[in-house]
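Pulled from TrEMBL, these are the features on record:
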type	residues	note
TRANSMEM	A:64-83	transmembrane segment
TRANSMEM	A:95-116	transmembrane segment
TRANSMEM	A:123-140	transmembrane segment
TRANSMEM	A:146-167	transmembrane segment
TRANSMEM	A:174-193	transmembrane segment
TRANSMEM	A:213-235	transmembrane segment
TRANSMEM	A:256-274	transmembrane segment
TRANSMEM	A:280-298	transmembrane segment
TRANSMEM	A:327-347	transmembrane segment
TRANSMEM	A:359-378	transmembrane segment
TRANSMEM	A:385-403	transmembrane segment
TRANSMEM	A:409-428	transmembrane segment
Amino acid sequence: MSTQNPATGPLDKGPVEQQEHIDPVNPAAAHDAIPAVDPRLLVREEGLAGYVGEFKRKMKAGDLGSLPVVIGLIVIWSIFQGLNSNFLSPENLTNIAITMTGTGMIAIGIIFVLLLGEIDLSVGSVSGVSGAIVAVLAVTHGVNEWLAILAAIVGGALIGSIHGFFFAKIGAPAFAVTLSGLLFWLGAMLQILGSNGTINIDSDGVVGQLTTYFFSDVAVAYGLAALAVAGYFLASFLDARRREAAGMPSRPLVEVLLRTGLLALCTFGPAVLFNQYKGLPLAVVLFLLALVVTDFLLRRTTFGRNVFALGGSVEASRRAGINVTRIRITVFAISSTFAAIGGLFWASKIAAANQSAGAGDLLMNVIAAAVIGGTSLFGGRGRTWNALLGVMVIVSIQYGLALEGIATPIQYMITGAVLLTTVVIDSVSRKTQKTAGRA
Amino acid sequence: MVHVSAAPVLALRGVSKRFGAVQALTDVELEIHSGEVVALVGDNGAGKSTLVKTIAGVHPIDEGVIEWEGRPVAIGKPHDAQNLGIATVYQDLALCDNIDVVGNLFLGRELKSFGILDEVEMERRARELLTTLSIRIPSVRIPIASLSGGQRQTVAIARSMLGEPQLVILDEPTAALGVEQTAQVLDLVERLRERGHAVILISHNMADVKAVADKVAVLRLGRNNGVFNVADTSQEEIISAITGATDNAVTRRAARTSEAGK
């Protein structure tokens, strides 16, 4: 049934007579006979005027997108640069970028869960378990390091599937299931680490190099930046061509070029910066790769569409024939898998698996990063790129305050205030969206 | 005006349904031909929703026969009904607020090329479908949350049309709508009839029923209580069939107000 052409069918049955059809009982039917453009339709003007017009309309309607975060980031960077001219140095920014990757990887996973309108509190503990598995297997038992990494990641996926099973199949609230997970996997990590508590990781090994390897050849950073820009341009250009061929509104070439230019600025800028210090860090490449892949998964595949649908309305998804249980379990598995990957980055960063891994403020930072980046806590709205922006804000604050010698208590308070500001902006913009009918 | 084919698209013969101690439907008969709008009316608890759910495969029937184009069929689950060509648009709309119109139209049956969502093709077909049904919405790329109640209802109905159903069941499509939005939905119902679809319309609103339906099937306490031709039946006759007596709350009220007017 689904293989046939569903939409062309109704056309065949003669679209002609409906135009003259005016029902005496329903005067409103006569409305259809007038082919005039409905003033309520959103028609975008061509060219720059249309672009500015749409921007204004979106701002008025409270559709702020990533704008508050970007502005916030600029403000934060300006303040810290004003306080200490070393803040925007290539060395400091490279360190910020590498520190971002651990929290960022975990945030990618939790964004999947947040899109469902659920929460995963276990990600911190799961990341600790992952680090412990690798350390115990590779260091204590001398297993091949690649195998140990594979075991940690598969372990993460299994843990997530267990959470998903209790949430989706049994129907327990995700909050309670993952809170149990937080405690259980914390205990499991301590058990795995055993009595000595800390296992140092070979800093020249695969995990060790994860956050310490740099592509010192300047060509790598520039080459990857060029590849990204060219790929984006080609994809946008071909898409515009296809839409044009299908007779649908498409992005004009000027806009495609402008967007590509903006992307070039955002890729070559950091590339120049990294190359002034030690080169492009491997951790950053892996993080960006994860962002591109997950963004593609969410926006261009049926699975991603189903995740958004579940975040919008579970009942509607079920009626549309979506396998709700399967999607939910998969999402929790993805969340824990990325928590495990993030755990490897953290283990690499401190060159050890220890008892405090995955504890403390990690979980809060992960959730804060996702939310600051623009992911809605109510489900159905967000992108994995939010993880990048959010974690950039959090780590920038940490490093900026550390440069000033300001102690951890103040860091927590400032990060808390930033998170509150973001949530307030989000709530206010949502209210505006409601009044503008675009919630 | 209405072309009525020989064999009904759907016929229910002596259908009964029981939930535990409650006999929800008893020996219900119903026939719908293609190009025909049949209004299903009845008071609350008369069995309208149960009847629709048995046709849609949500509740399988206990006794009786469902005939599809003249031959008996078994409808055990929603999928069976969909495969036959029955589409149901429920009262609480089955749309996702956060997804745009195109995404909602194709939810659960996305078009793909090489495993990737084919957004261009989906948007093209969505525009085509909406134009065909003369549905006006601000843009096919805005979230459903931005649409008015009537626009949402028309999108929900349009979505049921994607599978090319022969029978469309609309459960109170105008229940929460304003005057103009109701008119839009009723227009759409008439367009479905013109295209040769059979339509079952559940409604409490006699004005809507009189406006678009060809026949009115009345249910009362889970049993048939008459099938009327809309053209030659008065509203009072239908109401008395619904309530089961010529002396009912509506007629008494009418009498009271006419006395008061004297």
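Using N, Cα and C of the backbone, Cβ positions are placed for all residues, glycine too.
TrEMBL: automatically predicted annotations, no manual curation.
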Same-chain residues near the transmembrane segment (A:95-116), Cβ under 8 Å, at least 6 residues beyond its ends: 123-124, 127, 174, 211, 270, 274, 281, 283-284, 286-287, 290-291, 294, 298, 307-308, 310-311, 328, 331-332, 334-339, 341-343, 345-346, 349, 362, 365-367, 369-371, 373, 375-377, 379-384, 386-388, 390-392, 394-396, 398-399
Beyond the flanks of the transmembrane segment (A:359-378) by 6 or more, those residues with Cβ under 8 Å of it: 65-66, 68-69, 72, 103-104, 106-107, 110-111, 114-115, 117, 119, 121, 123-125, 127-128, 182, 186, 346, 385-391, 393-394, 412, 415, 418-419, 422-423, 426
Proximity of the transmembrane segment (A:409-428) to the transmembrane segment (A:123-140), 3+ C-beta pairs under 8 angstroms: no
Contact yes or no, the transmembrane segment (A:123-140) and the transmembrane segment (A:174-193), 3+ Cβ pairs under 8 Å, gap 6+: yes
Highest-contact recorded stretch vs the transmembrane segment (A:174-193), from A:64-83, A:146-167, A:213-235, A:327-347, CB pairs under 8 Å: A:146-167
Maximum Cβ pairs under 8 Å to the transmembrane segment (A:385-403) - stretch from the list A:64-83, A:146-167, A:280-298: A:64-83
Segment-segment contact (the transmembrane segment (A:146-167); the transmembrane segment (A:256-274)) at 3 or more Cβ pairs under 8 Å: no
Chain residues outside the transmembrane segment (A:213-235) and at least six past its termini with a C-beta under 8 angstroms from it: 256-257, 259-260, 263-264, 267-268, 270-271, 274-275, 278-283, 285
Residues from the same chain, set at least six apart from the ends of the transmembrane segment (A:256-274), whose C-beta lies under 8 A from its own: 90, 93-94, 97, 214, 221-222, 224-225, 228-229, 232-233, 236-237, 240, 280-281, 284
